[in-house]
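Read through the structure below, which is laid out as structure tokens, and then see the notes.
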Amino acid sequence: MGAIRFIVKRLILMLPILLGITILTFFISNTIPGDPARLILGPKATPEGIERLREEMGLNDPIYVQYGKYMYGLVQGDFGKSTYSQQAVSEDLKRYFPATFELTLFSMFLTVLIGIPFGIISANKKDKIPDQITRFMALTGVAMPAFWLGIILLLFFYLKIGILPGGGRIDSWVSPPEAITGMYTIDSLLTGNWEALKSSLIHLILPGFTQAAVTIGMITRMTRSSMLEVLRSDYIRTAYAKGGSENRVLYGHALQNGMMPILTLMGMTFGHALGGSVLVESVFSWPGLGRYAVNAINYLDFPAVMGVTILIAVLFITVNLIIDILYHVIDPRLKYE
Amino acid sequence: MLLQVQNLQLSLKRAGKFISILDDVSFQVQKGETLGIVGESGCGKSMTALSIMRLLPDKAKLAGEVKVGSEVISKLSKKKLEKIRGNQISMIFQDPLTSLNPLHTVGKQIEEALILHTNLTKKERKDRVVELLKEVGLPRAEEMVKEYPHQLSGGMRQRIMIAIAMACRPQLLICDEPTTALDVTVQAQILELMNKLKQENDMGIIMITHDLGVVAEVCNRVMVMYAGKVVEEAEVNELFQRPRHPYTIGLLEAIPRVGERKRTLGSIPGTVPSPQNLPIGCRFADRCKDAMEICRQAQPKTLQLTDDHRVACWLYDERREDLKDDITRNQESKTTLSH
Ligand SMILES: Nc1ncnc2c1ncn2[C@@H]1O[C@H](COP(=O)(O)OP(=O)(O)OP(=O)(O)O)[C@@H](O)[C@H]1O
Ligand SMILES: [Mg+2]
């Protein structure tokens with residue numbers, strides 16, 4: 001089958017890209033001035049102590065030897081040990097990543113659910129009041145800094161009217177669901193734990209919206225311009241001539257035809273959401289990968305930095321592969337090359 | 001009477017201003033009859049068709065009355081009009097390459113009309129789609145159902161368009177240059193198919209075209225439009241033999257000699273006035289060889305010359321009675337063309 005070969009080929013192509021990313025990240029993080037050993041031992045460390053630790057951590061080896069050792073471990077699935085948390089990096093990732101992934105998925109979900117219909121309405125009512133309103137909102141969403149929006153939302157919904165929680169993933173009196181994926185909402189769905197589901201969903205609302213504000217704005221604008229083009233097509237007129245209602249034509253004919261650029265942007269937006277989670281995670285005390293990554297950089301925790309980078313790269317490439325496959329699912333004219 | 005269009009007035013917004021696109025367009029179509037609409041590019045043929053279906057661009061101002069049977073459809077709500085589109089009135093467009101949704105299978109696109117207007121079950125619809133494909137003369141109908149438009153030729157796609165249009169057995173079929181984009185042999189086949197379907201279903205057809213060959217082949221009556229107005233309408237042989245309006249005469253003269261492959265409307269010296277800048281008098285006056293003083297001062301009324309011939313031209317107005325005879329003689333000697 002063409003599709004299977006296409007996917008296998010793309011997966012194989014992923015390897016050199018990942019190799020490049022490990023090289024870049026490894027060498028760049030090693031050029032950061034500062035000494036991890038000194039940071040770990042603190043201000044009272046003796047030079048001998050630091051020297052011993054450097055030797056122990058392999059920091060005195062030439063950099064290509066360090067890289068070789070790291071890669072030797074990596075191909076065996078060993079991400080090394082975090083110098084800051086003193087745990088296996090893979091354990092840390094397992095702990096922090098699901099929270100970030102859950103937040104990202106939720107914000108992507110909001111983006112699609114709000115951004116696409118807004119864009120369609122905007123295009124269909126071009127230059128009329130609904131269009132002007134959605135365009136204004138999209139622009140606001142894109143222009144507003146996430147941390148600022150997050151703080152405003154917190155002030156209002158948590159402090160002022162108190163209907164939404166101020167941070168964290170779940171209420172302290174609710175025990176988290178049994179870990180399957182590590183994402184609380186999904187795990188509580190899978191285990192039928194409704195109390196945990198409700199609590200974790202409520203906790204997702206504010207950070208989710210904060211993170212989605214920018215992407216909703218971007219998707220709305222992209223959907224609008226893509227749909228404007230499609231709505232001028234002859235086959236749209238045919239669909240109306242058949243007796244199709246506005247909604248049927250917009251969602252049954254036009255959207256699918258305008259989906260390509262929207263999908264492309266969604267792939268990029270996904271990376272943006274993953275990377276942009278740092279600010280949102282800090283504002284909402286969300287125990288995710290973003291905060292872990294910031295700590296890792298502050299403490300020159302190279303194995304952790306490498307781990308986070310590789311994980312996000314793999315995810316980003318995978319998402320884009322999925323989007324490439326979706327192109328082919330949507331458009332029968334495309335051939336798997 | 002199947003279709004009655006009365007005093008259609010259409011304005012469209014262009015660069016912030018409303019401009020008149022159609023002015024006082026009236027005509028009728030009977031059951032089993034084909035009305036041809038001809039005229040130069042931009043004269044408002046497509047807009048006339050789209051006005052009937054109310055498929056106009058945004059910000060269109062439409063006035064006048066459209067009656068199908070005894071129902072005034074120009075006053076219907078959007079929802080009610082949707083029940084009529086593709087059901088009682090269907091439309092076929094010029095370019096079969098772009099008129100089909102490239103992402104849906106042929107079967108799905110035909111079936112949609114059935115979903116919208118009938119209560120057939122899924123199984124019945126599937127059977128009906130195959131029947132329709134066979135009816136429009138497509139081979140291997142069963143397989144074609146699953147194919148996409150890009151896998152088919154232009155002629156096949158236009159047949160699919162016809163199948164979609166015929167799915168609910170419309171009373172009126174509006175064709176906007178259905179064969180212009182096709183090559184000659186395919187054109188002939190498509191016209192033959194439409195004639196066959198018309199006879200079998202006793203439909204009325206509006207045939208918009210540039211091609212006087214098409215008019216001669218399929219039309220019973222012809223309406224000539226110029227710059228948004230109807231200038232002449234007559235039974236087809238009458239029009240070819242005794243054209244009255246100088247514009248019609250010009251069109252017929254512009255046909256290349258017999259034997260030349262293309263028999264499209266040729267060009268008459270001068271240009272059509274732009275809709276933003278219409279003269280107060282007759283719109284054709286500037287290009288008209290027979291233009292008189294009055295032609296530039298006032299618009300001519302539509303005159304019923306005989307039962308099946310009307311014309312809007314000052315030459316035939318009773319106030320010009322004295323001139324009428326020798327102008328007509330003059331014209332008849334010019335129009336030695338037959339078809
Ligand atoms: N979307 C639109 N907005 C404004 N004006 C338009 C629009 N579409 C068409 N027009 C104008 O309406 C007039 C009539 O156009 P129409 O398409 O009906 O001509 P036509 O007789 O079908 O020409 P053709 O033979 O080229 O198809 C033209 O002057 C055209 O410029
Ligand atoms: Mg046209």
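Quick reminder: no glycine exception, Cβ is built from N, Cα and C everywhere.
What TrEMBL says about this one:
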| type | residues | note |
| --- | --- | --- |
| TRANSMEM | A:12-32 | transmembrane segment |
| DOMAIN | A:97-327 | domain 'ABC transmembrane type-1' |
| TRANSMEM | A:103-124 | transmembrane segment |
| TRANSMEM | A:136-159 | transmembrane segment |
| TRANSMEM | A:200-219 | transmembrane segment |
| TRANSMEM | A:262-284 | transmembrane segment |
| TRANSMEM | A:304-327 | transmembrane segment |
Report, as numbers and ranges, every residue of the chain located at least six residues beyond the transmembrane segment (A:103-124) whose Cβ falls under 8 Å of a Cβ in that stretch; write 'none' if there are none. 130-131, 134-135, 137-138, 183, 185, 204, 207-209, 211-212, 215-228, 231, 246, 250-251, 254-255, 262, 266, 269-270, 273-274, 277, 280-281, 286, 288
Sequence-distant residues near the transmembrane segment (A:200-219) by C-beta distance (under 8 Å, 6 or more away from its ends) are 102-104, 106-108, 110-112, 114-116, 118-119, 137-144, 146, 149-150, 153-154, 157-158, 164-165, 167-171, 176-177, 184-185, 188, 262, 265-266, 269, 272-273, 276-277, 280-281, 283-284, 286
Please tell me whether the transmembrane segment (A:304-327) and the transmembrane segment (A:12-32) touch - that is, whether there are at least 3 C-beta pairs under 8 Å between them, with each pair 6 or more apart in sequence. yes
Six or more residues out from either end of the transmembrane segment (A:12-32), which same-chain residues have a Cβ under 8 Å from its Cβ atoms? 63, 66-67, 70-71, 74, 297, 300, 302, 305-306, 309-310, 313-314, 317, 321
Which residues, given as numbers and ranges, are at least 6 beyond the ends of the transmembrane segment (A:262-284) yet have a Cβ under 8 Å from it? 100, 103-104, 107-108, 111-112, 116, 119, 146-147, 150-151, 154, 166-168, 206-207, 210-212, 214-215, 218-219, 222-223, 226, 290-291, 293-294, 312, 315-316, 319-320, 323, 326-327, 330
